[in-house]
Amino acid sequence: MNHSNESTPLCFSINSPPFNYTHTIASAYFSSVFSALGLTFNLIAFVVLLKSFLRTQSRSRSSFLIFLCGLVFTDFMGLLVTGSIVVSFHFTQFNWRLLDPHCHFCNFMGMSMVFYGLCPLLLGATMAMERFVGINRPFARSTSMMTKSRAVSIVLLVWAGAGCISLLPLVGVGSYHMQIPGSWCFFKISSEASDMAFCLLFSLVGLLSIAVSFLLNTISVVTLVKVCCSQDARQRRRDYEVEMMVQLIWIMMIASICWCPLLNIASQNGNGSQPRCLPNGRRTGIPTSSTPRSAGAPGNGVLQRLDSSPRESLPTSGGSSTMSSPSEPAPQPIQQSAQVSDARLSLPDKYDGTPSKCCAFLPQCSLYFAHQTGAPITEHLLEPRQGDQTAAEYALTFHTVAASSGWNVLVLRILFRRGLSEEVQT
């Protein structure tokens, strides 16, 4: 098992394709249609903004249009890069592990997700600062000489900053991992120090950008309202400034709706608290395609009881001959070494509900959890029995309890077999 862990690339160490996921025609066409619509609208917006930029004579409006063109171009490229990968996966159903054995493609996908995710937030904050100075400090802005070349330099600086952040997992600060259902890669959200540091950095940059945009845009809108309602409003036309602020507010609202949930989850993990949702689906309040559909509310109650139970550990050593017999009593939890905590379950075989193949269902637990130091151990695994349930129903019940236990595979197998009815065991 240690040998298999060493040969497994880092990006596939948690979620390793292929997954037991049903690829529907709808998922392929939905991703294609929405990607095509996004690319089309961004391309139209870029052409319109470019024509407006060539016609405008206002220095403040030209600099704002440069920032807006940079935002639209970034969004277009983000959809083109990430959307083409996702659409290709849904149509061809390629195996990432065969296509990308060294994680280069997965790292590129993760970098693209981070880069094209942070750039719109940073550019939105930059435009908010530019409009704040232009509306509230027009004299200071005119003396600072916000030229077109300087605006382009600021856009390039934003791209460089987001690019540097996206490269951090490649130098050891965080890591990119395959995400279920296997169509994308993103950074890992876990309790490891490097992952927590990257989560905290990513969330702070994003949340700070949104906060700056909200604060400065609010002040700018209040100032515009006061000026438009004043007696000398006719002395200076503010139509184009109102138009720019409306565009900026829409950008801020869309960015906040799209990114605040993920940034909040990442910040919770970065400051050491338990996140409510993880991208790999191991602890989440939102069901994914990999979670048992029939577990429902009872399954959630079991997981809550497991989290509140005493935390202990269990060894994997001790000889397979002493643990292969289903008639032996269940082992008692004892302290587990640090080396064993890194062990991971083998790749799963699909369980079809046949009673004679019940034991093959157990490796499916590797899709939902991995052994980690401090994983909760509980006596609840000693309780499940098949009883009047079918073999498939009992297997799902046992899986629900085992998914958060962290017990090693040999002990899980013997406990699973002990709970089966005698006719199935034989």
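The backbone N, Cα and C atoms fix where each Cβ goes, and this holds for glycine too.
Unlike curated entries, TrEMBL annotations are predicted automatically.
Features as listed in TrEMBL:
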type	residues	note
TRANSMEM	28-50	transmembrane segment
DOMAIN	41-262	domain 'G-protein coupled receptors family 1 profile'
TRANSMEM	62-91	transmembrane segment
TRANSMEM	111-133	transmembrane segment
TRANSMEM	154-176	transmembrane segment
TRANSMEM	196-225	transmembrane segment
TRANSMEM	246-266	transmembrane segment
REGION	274-342	region 'Disordered'
COMPBIAS	313-327	compositional bias 'Low complexity'
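Contact check: the transmembrane segment (246-266) against the transmembrane segment (111-133) gives at least three Cβ pairs closer than 8 Å, residues 6 or more apart, which meets the contact criterion.
The stretch from 28-50, 62-91, 111-133, 154-176 that makes the most Cβ contacts under 8 Å with the transmembrane segment (196-225) is 111-133. Ranked by the number of CB pairs under 8 Å to the transmembrane segment (62-91), the listed stretches 28-50, 111-133, 154-176 are led by 28-50. Across all of the domain 'G-protein coupled receptors family 1 profile' (41-262), the predicted model scores a mean pLDDT of 83.
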